[in-house]
Amino acid sequence: MLDIQNLSKSFGALTATDNVSLTVKQGTIHALIGPNGAGKTTLISQISGYLTPDSGTITFDGQDLLALPAHKRPHAGLVRSFQITSVIPEFTVRDNVALVLQSLNNQVFRIFAKASADREERAKAEAILERTGLATEADTRAQNLAHGQKRQLEIAMALAADPKLLLLDEPMAGMGVDESRSLTDLLDSLRDTTTMLLVEHDMDVVFSLADEISVLVYGKIIATDAPEAIRTNRDVQEAYLGTHELHDEGAA
Amino acid sequence: MLSDKHLPAFYGLGALILVVLPWILTAADSSYLISTATRLVIFAIGAVSLDLLIGYTGLVSFGHAAFFGVGAYVVGILAFHNFEETTFLGFDGTLTGLVVLPLAILISAVFALIIGALALRTKSVYFIMITLSFGQMLFFLFVSLEAYGGDDGMMMFEGRNVLPILDLNDRITFYYFCLAIFTAFFVFCHRLVRSKFGRVLAAIRQNEDRMTSIGIRPYTAKLLIFVIAGAGAGLAGALMANHTEFVSPGLTHWTKSGDLMIVVILGGIGTLIGPVMGAFVFLLLEEFLPIIFHELGMDLLKEHWRVVFGPILILIVLFAKTGLYGLIFRREG
């Protein structure tokens, strides 16, 4: 599904992505973990096209991803969510989702189609809100949502794009325990239809969802393996965990 | 204060006043003011087109008068060649309105496409500066056109454009013609901002960086609205050239772009009726402040009426957050 080969990206003297090779297999949830500043978001940004790598290749669904402009990647089925919530603040929750549907249906330049008159789009948007637990907030302006709900909306917008591969950049960031649990359930329910690359600090979430885990430290992938193997991997324990237990990370 | 549910009634009342205005003015023996009313309506087209950029898309364009000037010069240059019986790049001049007016819109749109394609590569303050620069470039271009009067501009010696049935040289007919075009443009903009494309513009204004990740290229959408707004300003310019039967580089001067911007802010950005009210108040103050001071015998203020004009504008903007619109309407939700 997604194949990254020898990817590198430097900012001045800092090598944020250091010869990274990574494969996300179709139908799996692949987690990317690593300490703060390891370059996880930088990697996600290169896959989604917000940053251009210095060297290396990314192949998505058989096509050369780096040849595809960032705004065309969602149309190809590659969709990201943001670590820092990024919704359209004055739009209602429903309109935030409807805007994504509009874009993916190639209706951006419809000058004469009244936005509020598209019943089909509205129904689809509401179905997605239903799935993501936001149905009751459909008419709320996004800026008035609680933090956890904004995170849910972020996911709803990503799902509206009907992705083949979902890049999730710390979807649980700042969420309460309950919210985090229901989002975990939601992601779990999507595993049959959507491949995911998940960046997350909450280790409970990572270990309950991931089929495979890659560990990124100082821009380098030091291990890629099944969750159980990662848990017992010496390199990972030394480089990433230091003296901490793996499970404690989630508390931070 | 009215809520924006009263907007349709407000539109209806406004339309009624504008329609009966020539009768009222004639009855009041002030039919010379019909000319002022025509200017108001034309100016309002320009202001509404600018608000599509500033208020609805968040693009602060400081060179909007450039397109106004382009539209006016298309009318002026074609009239000039018609009078001189010469050609422009192989084309005969003409006064035929059905050719001139669409051409003015088209050529303004082309200018907006070229300027927009370059200017929209920048953002925020840089965008303001680059649109200002392009506006001034056009100003100096027109100044340098010696054949068309250079600095002094040129008269349309044969009068206004010619249309079937309508005699635009009749001032009441011309007023209604401008009012009809204004109404059509206003309705067009009303639909545009509520369209799916309008929703994209609103999203770009609020969170442009998010657009790429949902598959929208903001640049293309911004370019399209820049071209539409430029075409609207060109239309207004073409009407203004007909109105005054005179075009000059002054139409594209940056202070005219500033006037348009003030009108939009004064009226209320992000609304359509706001800039219309802004245009009316702006032009009425400009027209009548000197007269009022003259009547009051305050000759110094009559000479320097802008000293009063400026603070009035500032007070309105300070005390009404969305300008005149905000003074009258309270937004729902």
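Cβ coordinates come from backbone N, Cα and C, glycine included.
The annotation transmembrane segment is assigned in TrEMBL to B:7-25 (among others).
If you look up TrEMBL, you'll see B:31-53 (among others) marked as transmembrane segment.
Annotated transmembrane segment per TrEMBL: B:65-83 (among others), in sequence order.
Positions annotated as transmembrane segment by TrEMBL: B:95-118 (among others).
Same-chain neighbours of the transmembrane segment (B:125-145): 59-66, 69-70, 73, 111, 115, 118-119, 151, 248-249, 252-254, 257, counting only residues six or more beyond its ends whose CB sits under 8 Å from a CB of the stretch. Taken from TrEMBL, the feature transmembrane segment applies to B:125-145 (among others).
The feature transmembrane segment is assigned by TrEMBL to B:174-193 (among others). With a cut-off of 8 Å between Cβ atoms, the residues of this chain six or more beyond the transmembrane segment (B:174-193) that come close are 15, 18-19, 21-22, 34, 37-38, 41-42, 44-45, 48-49, 52, 56, 160, 163, 166, 168, 201-202, 228, 232, 235, 239, 242-243, 272, 276.
Same-chain residues lying 6 or more positions outside the transmembrane segment (B:219-240) and placing a CB less than 8 Å from one of its CB atoms are 39, 42-43, 45-46, 48-50, 52-53, 56-57, 59, 61, 64-65, 67-75, 100-101, 104-109, 111-113, 115-117, 119-121, 178, 181, 185, 189, 192, 197, 200-201, 204, 251. Annotated transmembrane segment per TrEMBL: B:219-240 (among others), in sequence order.
What TrEMBL lists as transmembrane segment is B:260-285 (among others). Counting residues 6+ beyond its ends, the transmembrane segment (B:260-285) has Cβ neighbours under 8 Å at 7, 10-11, 14, 36, 39-40, 43-44, 46-48, 50-51, 54-56, 60, 62, 64-65, 68, 186, 189-190, 193, 309, 312-313, 316-317, 320, 322-326, 328 in the same chain.
Long-range Cβ contacts of the transmembrane segment (B:305-328) within its own chain (Cβ-Cβ under 8 Å, at least 6 residues beyond either end) map to 1-2, 10, 262, 265-271, 273-274, 277-278, 281-282, 285-286, 289-290, 293. Look at TrEMBL and you will find B:305-328 (among others) tagged as transmembrane segment.
Simply put, out of B:7-25, B:31-53, B:95-118, B:95-118 has the most Cβ pairs sitting under 8 Å from the transmembrane segment (B:65-83). Fewer than three CB pairs closer than 8 A are found between the transmembrane segment (B:31-53) and the transmembrane segment (B:95-118), and contact between the two stretches is not assigned (pairs 6 or more residues apart).
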